[in-house]
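Features as listed in TrEMBL:
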- 1-134: region 'Disordered' (REGION)
- 7-19: compositional bias 'Basic and acidic residues' (COMPBIAS)
- 66-82: compositional bias 'Basic residues' (COMPBIAS)
- 109-120: compositional bias 'Basic and acidic residues' (COMPBIAS)
- 121-130: compositional bias 'Basic residues' (COMPBIAS)
- 356-390: repeat 'WD' (REPEAT)
- 441-519: domain 'BING4 C-terminal' (DOMAIN)
- 539-612: region 'Disordered' (REGION)
- 573-584: compositional bias 'Basic and acidic residues' (COMPBIAS)
Amino acid sequence: METAPKPGRDVPPKKDRLQTKKKKPRRYWEEETTLTAAGASPGPPGSKKRNRELRPERPKNANITKKSRISRKPHLPKKPRERRNLEPQRSVSGAQDPFPGPAPVPVEEAGKFRRIDKSKKLPHSKSKTRSRLEVAEAEEEEISIKAARSELLLAEEPGFLEGENGENTAKIRQADIVEAVDIASAAKHFDLNLRQFGPYRLNYSPTGRHLAFGGRRGHVATLDWVTKRLMCEINVMEAVRDIRFLHSEALLAVAQNRWLHIYDNQGIELHCIRRCDRVTRLEFLPFHFLLATASETGFLTYLDVSVGKIVAALNARAGRLDIMTKNPYNAVIHLGHSNGTVSLWSPAMKEPLAKILCHRGGVRAVAVDSTGTYMATSGLDHQLKIFDLRGTFQPLSARTLPQGAGHLAFSQRGLLAAGMGDVVNIWAGQGKASPPSLEQPYLTHRLSGHVHGLHFCPFEDVLGVGHNGGITSMLVPGAAEPNFDGLESNPYRSQKQRQEWEVKALLEKVPAELICLDPRALAEVDVISLEQEKKERIERLGYDPEAKAPFQPKPKQKGRSSTASLVKRKRKVMDEEHRDKVRQSLEQQPQKQEKKAKPLRARPSALDRFVC
């Protein structure tokens, strides 16, 4: 028979085995009390007696049922919050940061990116409107600080050209510049000998990566001028008067002898717009998707390339139009006329926005800088003038040239190029926001033929010149912006990125009706129109809906809202309003009497000096 093993060293008894398996659950207050009382580290309870001592005792007379919602847990005092250590953080090596917090931003740097004028405030604005304006100002302040701080991350800097020991930079030739720069920059200087099809007009794409040029004898070509890869080359068998890229390098507008034609980057004709006939000059407005054309018949036509419709056809009433340029700041078209004036046009107006008398003879060329502040003009009187477009339209400087400049062009950083016969002169200023100094040229270059077109390449220190002998690419240090916005004009974008950019640009297209001289006026309140609408509304309704309503007393407690008390309160308010009106009239009476008492002064006479 098998006998049960006796309890010994190896086999623990049954009762002891149950005790080792069972563990008493720990209460949430036991650990805290042990820590606070003994200051020891948390751990399992030492003995039953200690747990009983720490456990709260139930009062004897407390009759609490099982279903009662009264909590049996003791109310422990809340611990005070520990304050964070405000000492500066230390790095892994233990070194302390000597400049804690974000880097300060200079006020001048942040002011360049601010668009909201805080000096102009609404006189009587509602609380809701005021709060919205405060939120908008706070967001604009934060964005301007971030933009100013991000300028530190821009790696590229604008180039420059300096002569040794006071040497005149105009004497430095293109061959000397090519020898001094690196190989990649030297490859940007080249000459295309196309004398059999010239003279040429040229245009760079908005990203600055592609070049399109057209000759007077029908030669049209586009290429990636950085890699020298030819995209398309055709002969339209007709005279080409001007050529322009549209919103991207995939579409090309060519002003041929009779009509306006649209081609793609493979040289396939997509459209023939016969309503735009005998076009002499082309300009494209990228934010409005408008193609502006000037014709021999004297009409300025705006074509919306996104829908293929003509927005406006304006008669300038000044004869043949062959001098045209755009203002990149406000999208206003500048036209030069044979009577020496320059007119400013918008598709929303049938008359010019302004007319500026610039020269005693006919205007030969017009150019506007990228900020829309300065305009350069040249005329038959051999004068080259710089005008201020900030409301005054006054000439800032002038220079007489031995030969009148037939073509003008501004760079992104304010350099001015002028083509005079077979010579190209370039003038530079103190910076981007300053006008070019016409005292001494910055660079000079002589070509193999007469200049027929000038255009600075965006984001590259390159000037493209079209002449009788073909195309010349000049190196002009400091002409372009060194850093580009990858979301706006990315020269390295792929085809998929270009398609996505086109969709976003179409969604953000600015209507043609918003083109005006001062774009900041669009965000201001038109007080005159507002008052006119208010008068028309009052006449239509027969009363003023915004007038002050008569006083209506609110009902009070029982016994205080009788008819007599209501009438008494109404009369009290009416008397106060009447007193205010009388007080205002009494204050205005002395002023009126003083005006009446002043006698009308007679005209001054020469004998007044003898009167004592």
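In case you wondered, yes, glycine gets a Cβ from its N, Cα and C as well.
If one looks beyond the compositional bias 'Basic and acidic residues' (573-584) by at least 6 residues along the same chain, the residues whose Cβ comes under 8 Å of a Cβ in the stretch are 551. Taking the domain 'BING4 C-terminal' (441-519) as a whole, pLDDT averages 92 in the prediction. Taking H, G and I as helix, E and B as strand and the rest as coil, DSSP gives the compositional bias 'Basic and acidic residues' (573-584) the counts 12 helix, 0 strand, 0 coil. For the repeat 'WD' (356-390), the DSSP counts in helix, strand and coil order read 0 helix, 20 strand, 15 coil.
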